[in-house]
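Residues or ranges marked as active site, proton acceptor by TrEMBL: Lys35, Tyr256. Marked as N6-(pyridoxal phosphate)lysine by TrEMBL: Lys35. TrEMBL lists Arg130, Met304 with the feature substrate binding site. Sequence annotations record features per position, and here TrEMBL assigns domain 'Alanine racemase C-terminal' to 235-359.
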Amino acid sequence: MARPLTATIDLEAILYNYRYAKKLQPTCKAFAVVKSNAYGHGAIEVSRYLDDEVDAFAVAAIEEAMSLREAGVKSPILLLEGVFEEDEWHLCEKHGFWSALENAQQLEALTHSKVSIEKVFLKLDSGMHRLGVDKDTAPPFVTALKNSGQVGEVVLMTHFACADDLSDSATLDQLAYFERTRQSLGEPIEASVANSAAIMKWQVPEGGWIRPGIMLYGISPFSEVSGRSIGLRPAMTLSSKVISTRSLRKGDHVGYGLGYVAPEDHVLATVAVGYGDGYPRHAENGTPLQIKGHLASLAGRVSMDMITVRTEEGDVPQMGDEVVLWGGEVPVEDVARHAGTIGYELVTRMTARPHYRYLFGEENA
Ligand SMILES: Cc1ncc(COP(=O)(O)O)c(C=O)c1O
């Protein structure tokens, strides 16, 4: 019998969430952001499924774009971090990739390469201070790109630092800086500013390109609420089975470091999942999960391959019982909170070890 840990990915849910993003910003075209293995959901499977629907995909870098092309994905693909070496511009031309451009070296490599690129997204540093040119440097960059004769269209893009915090005015400051810069360019230029949080809650420029990532996977960009509660359909269910049970006496200690002490007599279930699969090692005692549809909680330190779990009073776990680690009634956002992190990190650091099972629309009907 195979180890029973399975990540079930509902592709139809991802398509639904993509359409939902477009409905929220109906004047915009939308990337499907599938970097980092589609946030752990499987970039090739997700991109093949969405290929006929999306306006374009976005990945971090050329390796990710190449693996999608090699898998037969046809839509345009944007490199969000741009190129690292001049050779990559040649690959962009050959494979129809679009690229972000954020510094003088990338511009110089582009002009030197003499390739033709359909779209370049000039990245403006509007306040996050991570990547991009400033408002004074943007106009000469746009002029250089246009005068090069190598670029079909220049889009001005930026990224928000605090869009997930609705009480923080930094997003409004970034938007104002972006619009001032855009106007200073003297001619109309498309905009691309919005990640999931901005798509869902902020007023962003009409037209242009939105860049939904986490919301595609049904996960909330806002740490205090679940994806489902804001209209998204969670795409991943991580499930396993009970592989052992035992009766504990009050005061018995459990697991590495003997970090859980039974507060009374109860049954303990051992479940096949651990940090070697992507389940967070820092999940604390009490982290929620479900056994056979009933709420249960982590009891003891997470091992590489196993966790130990306590059921609610009256529920006696049996060998082979179905366990949901997240997905369904167990929001990944809740698990993340108990592990001191965010849903983004939990799904993105999934390893190759679980079985991955893909559900297509017909199977869900
Ligand atoms: C430049 C850029 N745009 C869009 C996204 C998607 O963001 P989110 O997953 O919050 O929607 C990311 C993700 O980090 C990004 O780096």
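Using the three backbone atoms N, Cα and C, a Cβ is placed for every residue, glycine included.
Averaged over the domain 'Alanine racemase C-terminal' (235-359), the predicted model has a pLDDT of 97. Of all the recorded positions listed (Lys35, Arg130), Arg130 has the fewest other CB atoms within 10 A of its CB. All chains included, 11 other C-beta atoms sit within 10 angstroms of the C-beta of Tyr256 (active site, proton acceptor). Helix, strand and coil content of the domain 'Alanine racemase C-terminal' (235-359), in residues and according to DSSP, is 16 helix, 49 strand, 60 coil. The separation of Arg130 (substrate binding site) from Tyr256 (active site, proton acceptor), Cα to Cα, is 40 Å. Its Cβ placed at the centre, Met304 (substrate binding site) has 12 other Cβ atoms within 10 Å.
For the pair formed by Lys35 (active site, proton acceptor) and Arg130 (substrate binding site), distance between Cα atoms is given as 18 Å, rounded to the nearest Å. According to DSSP, Arg130 (substrate binding site) is assigned to coil rather than to any helix or strand.
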